[in-house]
């Protein structure tokens, strides 16, 4: 007999089909099993579309009666942009529901499970729970903290440099690593850089055709000391948002507006204020691809929860060559920020280290 764990892993595989497309909604996959046979399966494709359970029920049809439904996230029990999934499950005659994890959304949070049990449906909760939570880590964080999940990505040489002393950085890593980054961008709703990166690198910041939708390209600059011409100002390729302060260069602001680049003027430009703005724009997870100065600000404010660090087998030297993270004010090694749940993998000739910033992953606050 096929185990509950196997069917739940199938739900996770289905859910991953829509990575980068569901924001601000979670990733949800569902499987309906009659005996040992899968009679229906589906996933939530994007916000506003039916949830994964509904697609699975549609495919199962009459064979859903008396069957077991598997879903990685608790079925909703409220009327949103789509009807409650619990009522559809009840009406279909499902006998048992196996849930990967409870939905952290206060609108759901156990209410879906209670409704199903009230209707006489057997409910099992917590199958492959850790994997289910990891898949929707950005959704869970956003619900809990009312801001997007922050990811900091950088690439450096063996001696810890992200560019030469002359600011040349093309390329620190291999084409394989860069393709991986393009995939990561396709899973994020926004990519953030600072003015220095625009001036030095003139980046494009798209997913280079890896995904269907490019992330919003966000430039942070208090002064608006930005080049008149840049790839980011081409709005036919992807949309760009420039965020600045009231003391900015008004000529540059006017120039950007003429180019139809969206601008936003804040009283005070901080990483936290930016993340709050992106939360209002329905972002689930945001990628920080900035230089060291802005990265240090983002980390210090608790707006980075996860780190992807590429290590390239190169040495370039240079006392003045920039490093990934600027000044954090630490004086002793005991103050260092530790990464948890560390994972490393080889991508081409480079190594990728992935982990979570201790103190920034659970409570959303920096421990600096």
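Glycine residues also receive a Cβ, built from the backbone N, Cα and C atoms like all the rest.
The structure displayed is predicted, hence computed values, not measured ones.
When 59, 74, 289, 297 are compared with the substrate site residues 169, 185, 205 in Swiss-Prot, the one appearing in that site is 289. Zn(2+) binding, as stated in Swiss-Prot, involves 51, 76; the candidate among 11, 85 given for that site is 85. Binding of NADP(+) is attributed by Swiss-Prot to 171, 197, 201, 291, 292, 293, 294, 295, 296, 297, and within the candidate set 155, 190, 273 the record adds 155 to that site. The helix, strand and coil residue counts that DSSP assigns across the region 'Deaminase' (1-146) are 58 helix, 29 strand, 59 coil.
Secondary structure at residue 289 (substrate binding site), taken from DSSP and collapsed to helix, strand or coil, is coil. For the recorded site, residue 205 (substrate binding site), the DSSP three-state label reads coil. Model confidence over the region 'Deaminase' (1-146) is summarised by a mean pLDDT of 96. Note: the Cα of residue 185 (substrate binding site) and the Cα of residue 197 (NADP(+) binding site) are spaced 17 Å from each other.
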